[in-house]
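J.: I have a structure here, written as structure tokens, and I will follow up with some questions on it.
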Amino acid sequence: MFGTEGANPKKTLGQKLSGKKTAIGRTSGESYKATKGETSPSRMGDNLSGKKDRGKVKCSFCLSSVLFYLERRRKQIRKPEEDVLMSLLDHDQEIYEAIENERKRQNSTLELIASENFVSEDVMTAMGSVLTNKYAEGYPGKRYYGGCEFVDVVERHAIERVTELFGAIYANVQPHSGAQANTAVYYSLLQPGDKIMGMNLSHGGHLTHGSPVSISGKWFDVVAYGVKEDTHLIDYDEVEAIALRERPKLIIAGASAYPRVIDFAKFKEIADKAGARLMVDMAHIAGLVAAGIHPSPVPYADVVTSTTHKTLRGPRGGIILTNDEEIFKGVNKAIFPGLQGGPLMHVIAAKAVSFKEALHPSFKKYAAQVVKNASVLADTLKQEGAALVSGGTDNHLLMVDVRPWGLTGKEAEHVLEEAGITVNKNTIPFDSASPFVTSGVRIGTAAITTRGMKQEEMRIIASSIAEVLKSKGDAETVAKVQSIIRQLCEAYPLYDRVLV
């Protein structure tokens, strides 16, 4: 596959040309008889030097032999137009089939998981490029490896584009994930045992915001804030009271399952009163922020983290933004050499491509449609009798309490998947069920909006969801909805082939 046919990987080029049988079929002590149209190695040397030098060559590893070997090797290399290159199907049928089956699943079902989206083929092309071969520890212009001039170009473009996109001064585009971006901020701003304050996981927070099962909950002294029991909205009075009482070193704003706008200005005011730094994790809403649909945290937070997928519609990865030079320097050291080694340059290239896509005016239309679709989906579900956390949504996601329909979140996820609708079970505020069971499901519109679906399709989808859940997964109902979903997906197709 890599053009190594006929070569012995355990031998060096010099070994092949000395003492033992070589790749061109003779020992170093044998004379060479040129076939018709070929020039012997010694004659090649004559031609190169301009004079006869056969009698003077004592080393078998001479220039003429090397050049002759390389010329023969060059002629043996297959050319694409002469031979079809080996595909993944030929090379690894098992993995090819798994990828193909996943492509079919994405094409034929509705992806309503709020943290998922579909990237463009350009993003996938960058992800599958030769950049995956390059090690590049360090940062542009300051690498610990040679040959980084072109990956430097890629990373600089990614940085320039993401800072323009979010109006930040500094950016690190190397985090492999949002979780690693968050951990890098903690690593740079805190010491083990310092107090941090984040949103309660069951109220909509994230594992990395201080959950006891996360390293953030093990390294630091954690206090949590939550939402009001009657409205399911963040209780900013409670946030302030806790912050002033506990005096955390870092306050974390942001969520993974909160369907309403977050008041970053209010968080900044509270952080200043408490003498705390403010970090905002905007992973879920980054695309909406980039498009101006959701207020930006960048002017208020000391540091902002995000994933690059979800509503931003890029590859899976993370970013860190700040307007503070000292924080930026600390974050850079925390990422490398603190937490990571070589950056994934093929992923950074894909990030750069997605940032350019998000800078295009069409992305604003997309993000606006994501929010419109979520609103219509929520309204239609409410008309069908669904109980929504906070009563609706301001962003791309909504939380459905399925207990009124006699289901757990786990059961709801299962019966919807049978009908061709993919969601995820999720705890809801003041949930008594375990995280493995839950009382709710989380639904998002980013991926189905990427397919081109709009308000009318949301009404069809909401009615289908309600019908399946009301029937508790009745086989006849599931079969009927499955047919509707299949037709809907066929009307809005995704990738038509395996991109490998």
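The backbone N, Cα and C atoms fix where each Cβ goes, glycine too.
No curator has checked TrEMBL annotations; they are predicted automatically.
The feature region 'Disordered' is assigned by TrEMBL to 1-54. What TrEMBL records for 90-464 is domain 'Serine hydroxymethyltransferase-like'. The (6S)-5,6,7,8-tetrahydrofolate binding site feature in TrEMBL is assigned to Leu201, Gly205, His206, Leu207, Glu325, Ser434, Pro435, Phe436. According to TrEMBL, the site 'Plays an important role in substrate specificity' annotation covers His309. Residues annotated as N6-(pyridoxal phosphate)lysine in TrEMBL: Lys310.
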J.: Given the model, what does the mean pLDDT over the domain 'Serine hydroxymethyltransferase-like' (90-464) come out as?
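T.: Averaged over the domain 'Serine hydroxymethyltransferase-like' (90-464), the predicted model reaches a pLDDT of 97.
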J.: Please list, in sequence order, the residues in the chain of Leu207 ((6S)-5,6,7,8-tetrahydrofolate binding site) that are at least six apart in sequence and whose C-beta is under 8 Å away from its C-beta.
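T.: In sequence order, Ala179, Leu201, Val213, Ser214, Ser216 meet the Cβ cut-off.
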J.: Given the binding-site residues Gly205, Pro435, which one has the fewest other C-beta atoms within 10 angstroms of its C-beta?
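T.: Per-residue Cβ counts within 10 Å for the binding-site residues Gly205, Pro435 bottom out at Pro435.
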J.: List the Cα distance (Å, whole number) between His309 (site 'Plays an important role in substrate specificity') and Pro435 ((6S)-5,6,7,8-tetrahydrofolate binding site).
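T.: About 24 Å separate the Cα atoms of these two residues.
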J.: Can you tell me whether DSSP puts Pro435 ((6S)-5,6,7,8-tetrahydrofolate binding site) in helix, strand or coil?
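T.: In the DSSP reduction, Pro435 ((6S)-5,6,7,8-tetrahydrofolate binding site) maps to coil.
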J.: Cα distance, the residue listed as 'N6-(pyridoxal phosphate)lysine' to Phe436 ((6S)-5,6,7,8-tetrahydrofolate binding site), nearest Å?
T.: 23
J.: What is the interatomic distance between the Cα atoms of Lys310 (N6-(pyridoxal phosphate)lysine) and His206 ((6S)-5,6,7,8-tetrahydrofolate binding site), given in whole Å?
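T.: Their Cα atoms are separated by 15 Å.
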J.: Please work out the number of neighbouring Cβ atoms within 10 Å of the Cβ of the residue listed as 'N6-(pyridoxal phosphate)lysine', leaving out its own Cβ.
T.: 28
J.: Run through the Cβ atoms and count how many others sit within 10 Å of the one on Leu201 ((6S)-5,6,7,8-tetrahydrofolate binding site).
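T.: Excluding its own Cβ, the number within 10 Å is 24.
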J.: Near the Cβ of Ser434 ((6S)-5,6,7,8-tetrahydrofolate binding site), how many other Cβ atoms are there if near means within 10 Å?
T.: 11
J.: Quick one: largest C-alpha distance among Leu201, Gly205, His206, Leu207, Glu325, Ser434, Pro435, Phe436, binding (6S)-5,6,7,8-tetrahydrofolate per the record, in angstrom?
T.: 43
